[in-house]
Amino acid sequence: MEISWGRALWRNFLGQSPDWYKLALIIFLIVNPLIFLISPFVAGWLLVAEFIFTLAMALKCYPLLPGGLLAIEAVFIGMTSAEHVREEVAANLEVLLLLMFMVAGIYFMKQLLLFIFTRLLLSIRSKMLLSLSFCVAAAFLSAFLDALTVVAVVISVAVGFYGIYHRVASSRTEDTDLQDDSHIDKHYKVVLEQFRGFLRSLMMHAGVGTALGGVMTMVGEPQNLIIAKAAGWHFGDFFLRMSPVTVPVLICGLLTCLLVEKLRWFGYG
């Protein structure tokens, strides 16, 4: 079936992202110049909010495309200059290279990370010890790797286990919609909801662990590299100088993990 040029252009704009997302970005691109004419200050903060929106909606559309369009528009309307962009890129080139090669390296380590978290999930029977293990493992890995990728691996493990249980509970051999519980017996629905809570708690502990470990080293978070460069610190210097703050925070975070599991607060335990 032949389609019009306009329809084809709309389909290819931002790839497979939903129509409402495409429409929202077009509205951003139209409104930004108008706001900039009225108040450059407001337009600047609006652009920051739009960047945050593209990051928050990363599962709907990879943020490189919409973020790039917003950045290019900012240059065109005079919000910044090409020379200033070049200076900022040159000043933060180390951070950009770190992110590029770290994320690329994680791609080859994904299977290893999946193996680590899967073995933890299958080997440890105590819920409290399992939660602490996920938190510690995520903290250690995120101190040297990209924290978001570690979280993504944990989510992949959780979704994989949930998919197996959901398929067995629904008595279907083929792949099913994980959000469709209509074919599951009432008794299994209760158990399935408990299993969801179990996986949610593990993912939350791992997420907290990535935050605890990421702040301890120079490469744990991108902003740490900027701080270390401004202060003239190397890897060991950053760890030692930040340890009076980061180590107590890590200990408190691990104790909080055990506390919420022991006392069964907020659905944990």
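Placed from the backbone N, Cα and C atoms, the Cβ positions cover glycine too.
Nonlocal intrachain contacts for the transmembrane segment (20-47), taken as residues 6+ away from its ends with a CB within less than 8 angstroms of a stretch CB, comprise 10, 13-14, 53-54, 57, 60-61, 66, 69-70, 73-74, 77-79. Residues annotated as transmembrane segment in TrEMBL: 20-47 (among others).
What TrEMBL records for 59-77 (among others) is transmembrane segment. Within the same chain, residues 14-15, 17-18, 21, 25, 28-29, 32-33, 36, 47, 50-51, 85 sit at least 6 positions outside the transmembrane segment (59-77) and bring their C-beta atoms closer than 8 Å to a C-beta of that stretch.
Taken from TrEMBL, the feature transmembrane segment applies to 89-108 (among others).
Among the features that TrEMBL reports, transmembrane segment is placed at 120-141 (among others).
Counting only same-chain residues 6+ beyond the ends of the transmembrane segment (147-165), those with a CB under 8 A from a CB of the stretch are 103, 106, 110, 113-114, 117-118, 121, 134, 138, 141, 175, 178, 192, 195-196, 199, 202-203, 206-207, 210-211, 213-214, 220-221. TrEMBL lists 147-165 (among others) with the feature transmembrane segment.
Annotation comment: TrEMBL describes 202-219 (among others) as transmembrane segment.
Per TrEMBL, the feature transmembrane segment maps to 239-260 (among others). Through the fold, the transmembrane segment (239-260) approaches residues 128, 131-132, 135-136, 139, 205, 208-209, 211-213, 215-218, 231, 233, 266, 268-269 of its own chain, all at least 6 residues removed from its boundaries and within a Cβ separation under 8 Å.
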